[in-house]
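Copied over from TrEMBL, here are the features:
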type: BINDING; residues: A:Arg48; note: NADP(+) binding site
type: BINDING; residues: A:Arg125, A:Ser126, A:Ser127, A:Asn239, A:Ala240, A:Gly280, A:Lys295, A:Pro296, A:Val297, A:Ala298, A:Thr299, A:Arg321; note: FMN binding site
There are 4 protein chains.
Amino acid sequence: MAGNSFGTIFRITTFGESHGEALGGIIDGCPPGITLDFEAIRHEMQRRRPGQSAIVTQRREADEVQFLSGIFEGKTTGTPIGFTIANSNQKSDDYAHIKDLYRPSHADFVYEKKYGIRDYRGGGRSSARETASRVVAGAIAKQVIPQVKINAFVSSVGDIFIDKPYQQLDFSKTESNAVRCPDEATAAKMEDYIREIRKQGDTVGGTVTCILQHVPVGLGEPVFDKLHAELGKAMLSINAVHGFEYGSGFCGARMKGSEHNDVFNPDGTTKTNLSGGIQGGISNGMDIYFRVAFKPVATIMQPQQTIDNKGNIAEMQGKGRHDPCVVPRAVPIVEAMAAMVLADFYLINKMY
Amino acid sequence: MAGNSFGTIFRITTFGESHGEALGGIIDGCPPGITLDFEAIRHEMQRRRPGQSAIVTQRREADEVQFLSGIFEGKTTGTPIGFTIANSNQKSDDYAHIKDLYRPSHADFVYEKKYGIRDYRGGGRSSARETASRVVAGAIAKQVIPQVKINAFVSSVGDIFIDKPYQQLDFSKTESNAVRCPDEATAAKMEDYIREIRKQGDTVGGTVTCILQHVPVGLGEPVFDKLHAELGKAMLSINAVHGFEYGSGFCGARMKGSEHNDVFNPDGTTKTNLSGGIQGGISNGMDIYFRVAFKPVATIMQPQQTIDNKGNIAEMQGKGRHDPCVVPRAVPIVEAMAAMVLADFYLINKMY
Amino acid sequence: MAGNSFGTIFRITTFGESHGEALGGIIDGCPPGITLDFEAIRHEMQRRRPGQSAIVTQRREADEVQFLSGIFEGKTTGTPIGFTIANSNQKSDDYAHIKDLYRPSHADFVYEKKYGIRDYRGGGRSSARETASRVVAGAIAKQVIPQVKINAFVSSVGDIFIDKPYQQLDFSKTESNAVRCPDEATAAKMEDYIREIRKQGDTVGGTVTCILQHVPVGLGEPVFDKLHAELGKAMLSINAVHGFEYGSGFCGARMKGSEHNDVFNPDGTTKTNLSGGIQGGISNGMDIYFRVAFKPVATIMQPQQTIDNKGNIAEMQGKGRHDPCVVPRAVPIVEAMAAMVLADFYLINKMY
Amino acid sequence: MAGNSFGTIFRITTFGESHGEALGGIIDGCPPGITLDFEAIRHEMQRRRPGQSAIVTQRREADEVQFLSGIFEGKTTGTPIGFTIANSNQKSDDYAHIKDLYRPSHADFVYEKKYGIRDYRGGGRSSARETASRVVAGAIAKQVIPQVKINAFVSSVGDIFIDKPYQQLDFSKTESNAVRCPDEATAAKMEDYIREIRKQGDTVGGTVTCILQHVPVGLGEPVFDKLHAELGKAMLSINAVHGFEYGSGFCGARMKGSEHNDVFNPDGTTKTNLSGGIQGGISNGMDIYFRVAFKPVATIMQPQQTIDNKGNIAEMQGKGRHDPCVVPRAVPIVEAMAAMVLADFYLINKMY
């Protein structure tokens, strides 16, 4: 257990550093006979790609997935799906200046202490570039459970929040703006704010909300592997995530039982859904919804004090690409992780 | 994978229903040669026991742990530690009235749908009684990593919050009041509020904050098994938990990178600690702190509408023991889960 | 991973030392809704019990299984089945004389070196008494896959072999003699030989053959978790086993491809079955057969030279119960392990 | 669990079909800081390559390993090592004639039944080509435990056996002949026999013996994950293996305890070693030795009767490359699997 696999039956194992030859992974346990929609996979990869809009620095990364196995004449065969994504940029010298520095709030220091060695180029394994492999697996997971509708979107940037319940949002608009916020008025405010942050050479955090609809009743295992516990772990494993809540979440902690209990309709649905579609760790057929908090990314374009590996104080400043708010880019990653959790539990549940 | 195990090297598997013969578990992977402090285990069990204070209905449950293996002449031997905790109450007739009912916001409905059968007595496997086994394992995990200080406490009940940073709290006072809040003035307010809630036959939620100190640098595995992702899963696996945040948490999502970055001191410590002691999923030696949200428990003493397993509308009302706020009782469980996560990563880290 | 669990979906975890309070285990992943045949479980436990026949020293061990969870009104509920088996004999003083000795070809020496501590009473965790828990799990596994017929029997003791193909044996006679050999003439010879060995205060090895019939096509996972690889691991995990072969086995290594290939009938069955019912690691619907080699047990009633934990040469002699040939008792354990492997793959296969 | 991973801490996951784009794998859990000997990896790959000698049909397969991650400036970093091996031959039409046929004693039939779809080209996933990835992982595993000496060799082909104890063999001669038999006289006989078999268009089986020396005391976990149980599973997972025995093996089943027990020397070594270096599932520091039986491969150059997927009887004949005896080529694969098992237990053992 060295942390590079996720899932029990539908299981992804990933490899790859930011500036190595390639990233990639192996998806084990994908059911056979699925006619893969490669265009859908390409679309998800495109969504994850950095530098797609006016609010961030452009970068050319093709992020083309090369599938190497597990697919025959367009269909999954039940054998492991191996894939790679080439890294176009492998130049070490771009990073020579931070070779001996520990960037603040990055993983440089802890990697050095834990492993005694690190690939300092672009954060190496700790780079968010690793999530490209997750998006591939998630795009396939979505095709394992096509009946489920997965919609994530940016619900806040800094102090700017959507102030509507998700039921009033039109998810078809999420992709129509650079911040992936389905509420157009809020989206405009978020974009303005991010432009301002960018001018300051700073970054800002935000939240992603995700809605899972048409999830079959019965997914999730009780006790340790509750559906929301796995969703929580999945989300917390994404770079920069500092919080997870589902259903009533932290607000629920302020409520009374008489307000919070979801009264049943005769058909087993519930009148309210503060439970967030999960009871006792198992899906109950209602919408599952959760929210994920992303801290602002650590790479800022302002001078910062730091130390080198000898303990000397040094000054550094981010250079190159500046991504003032990664939250919009996290949207497809949140969806990918959710899809993997659901596909895995869906397959496990076939045992019963 | 049916969800009843937790951990990779230090691994607990639990069994037991609320009203079956006994609960228990097996702790596999406990290092040999530890002289167990049985009094400490008993103390933790005592903390978890229901009905200890004036604010809840009393119940007599001995919750004595019987160790069956893995210990020889008071020391762990490296072989699995099997243990049982007898259930004093196994009467089915207390629950005959809810045999065919699905209690609102309980797991009755989903268990029936998932398994086609359920032990309806006291919630069966979905009962929080299962956490007794976790507390045993956690009490032993604490002895695997005695250098680490683990302090959880109730940080809010309903809308009543501690409004101080944890550094200003005296953890030795946590156990001195019924709500396990180390801030005495706040504790008094919480107690009053819970008494009021109890009179209403209602319940209320709250939050537990947990501080982990003296954690060695390097615990946690990058990518999927980040230290905070495992802590999050561990906490979300506790009954009634709806949210988890660590370090800056959801507040961090509102901040700028220039505010959020933790600047290094020459010795590798950081001036601020918004990272919450974890960077890139790996402990950095600073205090780890996180917060867990508990919804109000579903069993209220007020009449509620519900349905039976035929879809008929019925009325029900909780009877018997009334626990208006389980958050104080959750404190030792939060600590137990945290201890297990740390012990597991500590042993895994020995590989490097 | 400390070695006390077996299986992926149908998963047993065991605990317990030879002379501790109790042995037991947890069966996780047993499907819900099975009306358990407790008499069948008792029967299997009875078969495993030491001292049932004239050829071994008698011992009174009740070996009654106490089920603690996972069963409601006689049916499995899908939650973990916890169980214990009390140890009637827990006296340490019976073993005081070997406290500091390393018995030849026992695990005493390696346990001491690995763990730095050991429960020396009766071999502690390394005792074959641990297999009692396996028999419980195996008896339940058989009920998960009732369509499969599992028949193990003693095929050799020392140099005395059954010289017939298994198709000519009447498995209903296996239990009719003390050596569990379905061929009566061979059984008589084996019994005589074991009596002789017993008089010598010696022990003797033997082989168990096991036939699995009506196994569905498609069980087993390709590559690392081949059906015969899991069966092999399962058998090699039984105390005293030194070899495993299936289908043509070691004889197959002397054959030519033109002799060994199994020609298909139009219905997919094969004319011969040197493949032993498994091709590419996956069951093909033909009979699965394998053979397991047991070394003679190390506890003999003759004086032997050994060393103590200081490296001093010492003399020792087994005392107490003398089991000259454990191979007959291994028959139900072989069946139990085979049942667990099949039940696990059967459940995994439901994914496809 | 879909069968494509092996190991707990040092863990390999493989992907790839015989005639897909590429094979490859991910090695997770390799300790950081190892300066990899790439020449040693290349050497192992060279040993596994088909068609190296006069006794088999030549084939040009470069089998060059491309490492994509986990290595920085020649050293392992502790992050997963991803690698690929390109397939030079991906032509489907070579296999069009067997598209609908089930080759006798191949995995075609069971794959079709299990998955409902199969890549029929060259056996797809069931091809022994998959072992190339194992050899890469094994070559790295050897570097994790450089103190251990691993020597496998061909001990029999058909009825031709080495009739000496392994202590009398000079392992430096294993690679000096085409059959990888360190006994030159026996090697010559084996070569002659294989040439004859080849002329007949037939194949023949054989055995590989493997000796592990300087294994530290204490490797292996008791109960289910015994060292020899994992070795057995590892070997049985190699294509065409039908049997495994270690130490006294099947011969031990014919012996008496008084003959079989290994008497200790004062230093903890033993005078004899019928235990095969393992007691109670744990290494005792003596040589570990085991033997693996390979059936003759199913692809013969003679006409054979078979069926197609409609159940029609058909005639077929192998064409293309003819490998009359794969046993010599299996030698590096046996070593690779043994190295992986030892490296994994070595790392697990660091926990104690």
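Each Cβ is built from the backbone N, Cα and C atoms, and glycine gets one as well.
Structural mapping of features recorded in TrEMBL.
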residue  : record               : contacts (Cβ under 8 Å, 6+ apart)
A:Arg48  : NADP(+) binding site : A:Asp63, A:Thr131, A:Ala132, A:Val135, A:Arg329, A:Pro332, A:Ile333
A:Arg125 : FMN binding site     : A:Gly16, A:Glu17, A:Ser18, A:Tyr111, A:Asp119
A:Ser127 : FMN binding site     : A:Glu17, A:Ser18, A:Asn239
A:Ala240 : FMN binding site     : A:Ala128, A:Gly205, A:Phe294, A:Lys295, A:Pro296, A:Val297, A:Val326, A:Ala330
A:Thr299 : FMN binding site     : A:Arg103, A:His106, A:Thr203, A:Gly318, A:His322, A:Asp323
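Checking the binding-site residues A:Ala240, A:Lys295, A:Val297 against chain B with a Cβ-Cβ cut-off under 8 Å leaves A:Lys295, A:Val297. Once Cβ contacts within 10 Å are tallied over all protein chains shown, the binding-site residues A:Lys295, A:Val297 are led by A:Lys295. Filtering the binding-site residues A:Arg48, A:Arg125, A:Ser127, A:Ala240, A:Lys295, A:Val297 for a Cβ under 8 angstroms from any Cβ of chain D leaves A:Arg125, in order along the sequence.
As a whole number, the greatest separation of Cα atoms within the FMN-binding residue list A:Arg125, A:Ser126, A:Ser127, A:Asn239, A:Ala240, A:Gly280, A:Lys295, A:Pro296, A:Val297, A:Ala298, A:Thr299, A:Arg321 is 45 Å.
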